[in-house]
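Asks: Pasting the relevant annotations from TrEMBL:
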{"type": "BINDING", "residues": "Lys23, Arg24, Lys25, Ser26, Gly27, Lys28, Asp29, Arg147, Gln186", "note": "ATP binding site"}
{"type": "BINDING", "residues": "Asn176", "note": "substrate binding site"}
Amino acid sequence: MNVEHFTTMTSTQPSIILLFSGKRKSGKDYVTDVIQKRLTAEMCCILRLSAPLKQQYAKDHSLDYEQLLGSGQYKESYRADMIRWGEMKRQQDSGFFCRLAIKHATQPIWIISDCRRMSDVQWFHEEFPDRCICVRVEASEQTRSQRGWRFATGIDDAESECGLDEAVKFDYIIRNDGADDVLEKQLEDLLSLIKSREEESNTLHNIKPEK
């Protein structure tokens, strides 16, 4: 798809917000990276809700933020407490990490790459009505296993992995089981949907009053 077809905006208000979710090893990071490249970094930014969580947790507890971003023992030693702390923050304010994630976003199209809870989706829908597209990335357990996934009790059966399994009406579902041609067709369809929704959003929010 020709990226030039997408409208450029200078306002910090987004025209479209893509709310991505998916199980571990479903390939949602790969899919969101591809979409951003198609749209260009000038038009589209990827925002992760987990990044401000770790950053704020490190700040509040005087820890090494860079090590919390890694996959080593340092992060693992704080994982359980970090999850508890994150849940406490969300109970106090469901939009706490959402606001931190979008704080510096200036592009017209936002990709929220790691929605995990219903409260995440609800916050964006309430704050930016008519601008959200919910996208689910799915892959079979066999495919996920081939990518290194192994079921872990306390992780794969927790809300962070299962919170959006039900009661969410997804606007688009991407099957990502490794067939490049199938994925490409789905990406083209999603980009067409984004273009259509962006035009609708811009029309809706730029209606000039009659003189």
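Using N, Cα and C of the backbone, Cβ positions are placed for all residues, glycine too.
Where the annotation comes from TrEMBL, it is an automatic prediction and has not been curated.
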Asks: Would you count the other C-beta atoms found within 10 angstroms of the C-beta of Asn176 (substrate binding site) for me?
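Replies: The Cβ of Asn176 (substrate binding site) has 22 Cβ neighbours within 10 Å.
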Asks: At its widest, how many Å does the recorded ATP site span between Cα atoms of Lys23, Arg24, Lys25, Ser26, Gly27, Lys28, Asp29, Arg147, Gln186?
Replies: 21
Asks: Looking at the binding-site residues Lys23, Gly27, Asp29, which ones sit with their CA no more than 10 Å from the CA of the residue listed as 'substrate binding site'?
Replies: Gly27
Asks: So how many other Cβ atoms are close to Lys25 (ATP binding site), meaning within 10 Å of its Cβ?
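Replies: So the Cβ neighbour count for Lys25 (ATP binding site) comes to 18.
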Asks: Let me spell it out: for each of the binding-site residues (Gly27, Gln186), count the other Cβ atoms within 10 Å of that residue's Cβ, using every protein chain shown. Which one has the most?
Replies: Gly27
Asks: Sequence gap of 6 or more, C-beta under 8 Å: which same-chain residues meet both conditions with respect to Lys23 (ATP binding site)?
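Replies: Long-range Cβ contacts: Glu138, Ala139, Arg144, Trp149, Asp156, Glu161.
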Asks: Any same-chain residues 6+ apart from Asp29 (ATP binding site) with CB under 8 Å of its CB? Would you list them in sequence order, or say none?
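Replies: Sequence-distant Cβ neighbours: Ser113.
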